[in-house]
Amino acid sequence: MSENNEFQSVTESTTAPTTSNPYGPNPADYLSNVKNFQLIDSTLREGEQFANAFFDTEKKIEIARALDDFGVDYIELTSPVASEQSRKDCEAICKLGLKAKILTHIRCHMDDARVAVETGVDGVDVVIGTSKFLRQYSHGKDMNYIAKSAVEVIEFVKSKGIEIRFSSEDSFRSDLVDLLNIYKTVDKIGVNRVGIADTVGCANPRQVYELIRTLKSVVSCDIECHFHNDTGCAIANAYTALEGGARLIDVSVLGIGERNGITPLGGLMARMIVAAPDYVRSKYKLHKIRDIENLVADAVEVNIPFNNPITGFCAFTHKAGIHAKAILANPSTYEILDPHDFGMKRYIHFANRLTGWNAIKSRVDQLNLNLTDDQIKEVTAKIKKLGDVRPLNIDDVDSIIKDFHAELSTPLLKPVNKGTDDDNIDISNGHVSKKAKVTK
């Protein structure tokens, strides 16, 4: 203290430091829409192109209602010129009064546009191939023809008071100058958004980011992105597109679509809740993902993949002893996703030779038995020994524990643990099976 007995000033800040989400958007990405994105669900358009898919009218309506309840912003439907029933289904879904806007996906052709605007849709998604592959082997038109057709269709759809998106097809194998010229042309006449499509799944995140940033410099409208998953980059590409400034992402339930599909709805939600938790939790009913995936899986006769983000049957299961110990102390040690956000539970898989004594101790507590730590370590060794010989199940482990306990002179029971609301880890291991369908 100074001689004049004055108080010294406090130089350090007394306010709590502001912490940023380390898994969120990079602050340098000033165009990022990671916290302001929209979803266009294409299960009833792209998903219909999945090899196993056949959705009758009733099933389409059921899926559309489920997606609307989940909170998607748009629902995209098969072109009404694809078949007579496709047109009728489009009209039927438009009459449901859903909160989500209804889109249909058409070729860049006036014949398609005239039919589309009569169905009652809120918007029309127009697409035409721009790569040399598609111009030569698909529609056979040059860029001048594409630009002229695009302007004609866009102006017609706009005259009907309907949203319009123009997208190139096979964007990442198209000439960049051609792409930017066509996008500038359609932006000038007032499209609601332009679309980038990785039609063959060839793009990587760095290419996506660079193209989106370049496109943002030449158009003022929103950017929509459609990523196929042929090389396994669909989720990463979608996230990177949002970082670069795209706003809308095409998804489908379980990623179903042409070949091995597109960005999956559930998988993207897993990525986005880590990056923008408040936005995602407030906008989407995440606990509905499991039901929607089961609905679509049943409709197309597939199982939920075991390694599916969120709903794979092992998504929140912990097996190794080191992992189990840490999870029992603090789930964040080995989980970036909270299963409760999705209406799921976490499990400790203790019936195996990799188990640790902390997991067995938790099981002993559940069985209301009284063992010391040293005794638990001893019984754990017995469990691991049998686990070296054959696969174990919960009954095997419980029998070993109970037999061990019966041989001791300690009290048979300890006071019953009534539990608390914080008991959120199930170590029963009962859900682990070879069945890949997630059930409640």
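Note: Cβ is positioned from N, Cα and C throughout, glycine not excepted.
The region 'Disordered' feature in Swiss-Prot is assigned to 1-27.
Along the domain 'Pyruvate carboxyltransferase' (37-290), the predicted structure has mean pLDDT 95. Per Swiss-Prot, domain 'Pyruvate carboxyltransferase' is recorded for 37-290, and the stated evidence type is sequence analysis.
Look at Swiss-Prot and you will find Arg45, His105, Arg165, Thr199 tagged as 2-oxoglutarate binding site. Long-range Cβ contacts of Arg165 (2-oxoglutarate binding site) within its own chain (separation 6+, distance under 8 Å): Leu103, Gly123, Val124, Asp125, Val126, Val191, Asn192, Arg193, Val194, Gly195, Glu224. Secondary structure at Arg165 (2-oxoglutarate binding site), as computed by DSSP, is strand.
Listed in sequence order, the residues of the same chain lying 6 or more apart from Glu46 (Mg(2+) binding site) and placing their CB within less than 8 Å of its CB are Glu76, His226, Asp250, Ser252, Ile256, Gly257, Glu258, Gly261, Ile262. Classification of Glu46 (Mg(2+) binding site) by DSSP places it in coil, neither helical nor stranded. The Mg(2+) binding site annotation in Swiss-Prot covers Glu46, His226, His228.
Within 10 Å of the C-beta of His323 (active site, proton acceptor) there are 19 other C-beta atoms, taking all protein chains into account. Among the features that Swiss-Prot reports, active site, proton acceptor is placed at His323, with the record citing similarity to another entry.
All protein chains included, Ser399 (phosphoserine) registers 12 other Cβ atoms within 10 Å of its own Cβ. Feature annotation from Swiss-Prot assigns phosphoserine to Ser399; the stated evidence is similarity to another entry.
Residues or ranges marked as phosphothreonine in Swiss-Prot (evidence: a large-scale study or a structure entry): Thr410.
Candidates His228, His323, Ser399 (recorded positions) were compared with Thr199 (2-oxoglutarate binding site); those inside 10 Å Cα-Cα are His228.
Site extent for 2-oxoglutarate: among the recorded binding residues Arg45, His105, Arg165, Thr199, the largest C-alpha separation is 17 Å. Taking the mean position of the Cβ atoms of Arg45, His105, Arg165, Thr199 as the 2-oxoglutarate site, the remaining residues of that chain whose Cβ falls within 8 Å of it are Ser42, Glu46, Glu76, Asp125, Val127, Ser167, Gly195, Ala197, His226, Asp250. Each of the binding-site residues Arg45, His105, His226, His228 was ranked by the number of other C-beta atoms within 10 Å, and first place falls to His226.
For the pair Ser399 (phosphoserine) and Arg45 (2-oxoglutarate binding site), the Cα-Cα distance reads 53 Å.
Secondary structure at Ser399 (phosphoserine), taken from DSSP and collapsed to helix, strand or coil, is helix.
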